[in-house]
């Protein structure tokens with residue numbers, strides 16, 4: 001299918017087949033579509049609503065074209081979300097990655113610089129002194145030896161350069177916001193994925209099932225956060241053993257006080273880094289509580305504990321023992337030596 005035919009199809013609110021979406025994505029990723037065509041297609045898809053088949057097909061193309069990182073073995077997990085929730089919180093999932101690593105997980109943290117927030121995962125890690133642009137072999141060593149490595153999206157998905165200009169010019173959420181957490185170059189089987197709207201909870205769980213994932217928690221909080229929140233109920237769509245179940249959790253279930261997420265907002269990368277460091281140093285705060293919740297979910301997704309509740313307890317334990325901040329220090333040292 002050529003790009004103009006695809007545009008005519010989606011603007012009449014007809015869905016693309018998996019094969020058609022694959023063809024169109026290959027055209028976009030190879031630079032054969034103009035910025036206007038890319039923007040038009042993304043708007044058309046959003047207006048009609050992207051399907052599980054379309055998203056999975058697009059993700060497969062990006063995975064196939066990505067510069068891959070090869071890691072194997074148990075307890076592999078990623079904590080990448082879609083972003084776009086507008087809350088401007090500090091980097092919760094990034095802080096969580098170090099807690100999960102300290103708990104025995106192996107985290108392939110996929111991320112990028114900020115698109116819609118004050119500070120992306122790449123921004124805060126770079127500010128901490130972590131070198132972002134490593135070879136796939138160096139990243140694999142980080143994960144194997146330290147339990148955590150950062151996969152800087154532009155280094156692995158060079159073909160998305162053709163989409164950057166139209167996405168920035170449009171300034172709205174598109175298919176590519178959904179693709180970030182679906183296209184980890186290490187093909188991680190277990191994930192915690194935060195989404196910007198509850199309409200995507202079960203669909204993204206099924207997309208990840210189609211992509212071969214095994215244990216996934218797709219989360220969205222009632223206060224709008226694309227993380228497990230301390231300010232409201234959080235809905236979770238859990239993929240496990242080929243089935244998806246949906247349920248709600250509250251911070252009180254885990255002995256955590258409910259606090260407005262406005263207390264977690266930041267205005268700069270440095271402010272986000274300061275909070276991340278305080279959390280990893282186990283300073284009591286709402287920030288530490290929300291990291292414990294989200295790290296606990298990833299510990300559970302990585303199959304290190306049999307329940308989410310035990311995952312949160314394990315997260316709090318490694319924080320109290322100072323092991324999470326040791327992982328941050330180790331990653332800084334390792335990457336600076338590369």
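From the backbone N, Cα and C atoms, a Cβ is placed for every residue, glycine too.
What you are looking at is a predicted structure, and each value in this text was computed from that prediction instead of being measured.
Residue 93 (5-phospho-alpha-D-ribose 1-diphosphate binding site) falls within a helical segment according to DSSP. The number of other Cβ atoms within 10 Å of the Cβ belonging to residue 93 (5-phospho-alpha-D-ribose 1-diphosphate binding site), over all protein chains shown, comes to 28. According to Swiss-Prot, the 5-phospho-alpha-D-ribose 1-diphosphate binding site annotation covers 81, 84-85, 89, 91-94, 109-117, 121.
Around the Cβ of residue 112 (anthranilate 1 binding site), the same chain contributes 120, 121, 122, 152, 153, 154, 180, each under 8 angstroms and 6 or more positions distant in sequence. The anthranilate 1 binding site feature in Swiss-Prot is assigned to 81, 112.
Under the three-state DSSP scheme, residue 227 (Mg(2+) 1 binding site) falls in the coil class. According to Swiss-Prot, the feature Mg(2+) 1 binding site maps to 93, 227, an assignment based on sequence analysis.
The anthranilate 2 binding site feature in Swiss-Prot is assigned to 167.
Per Swiss-Prot, the feature Mg(2+) 2 binding site maps to 226, 227; the stated evidence is sequence analysis. In this view, residue 226 (Mg(2+) 2 binding site) is surrounded by 27 other Cβ atoms within 10 Å of its Cβ, with every protein chain counted.
Neighbour density for residue 113 (5-phospho-alpha-D-ribose 1-diphosphate binding site): within 10 A of its CB lie 17 other CB atoms from the protein chains shown.
Looking only at the binding-site residues 167, 226, 227, the one with its C-alpha closest to residue 93 (5-phospho-alpha-D-ribose 1-diphosphate binding site) is 227.
Counting every protein chain shown, the Cβ of residue 227 (Mg(2+) 1 binding site) has 27 other Cβ atoms within 10 Å.
Fewest Cβ neighbours within 10 Å among the binding-site residues 81, 89, 110, 167: that distinction goes to 167.
Of all the binding-site residues in the record (81, 89, 110, 113, 167), the one with the smallest CA separation from residue 227 (Mg(2+) 1 binding site) is 81.
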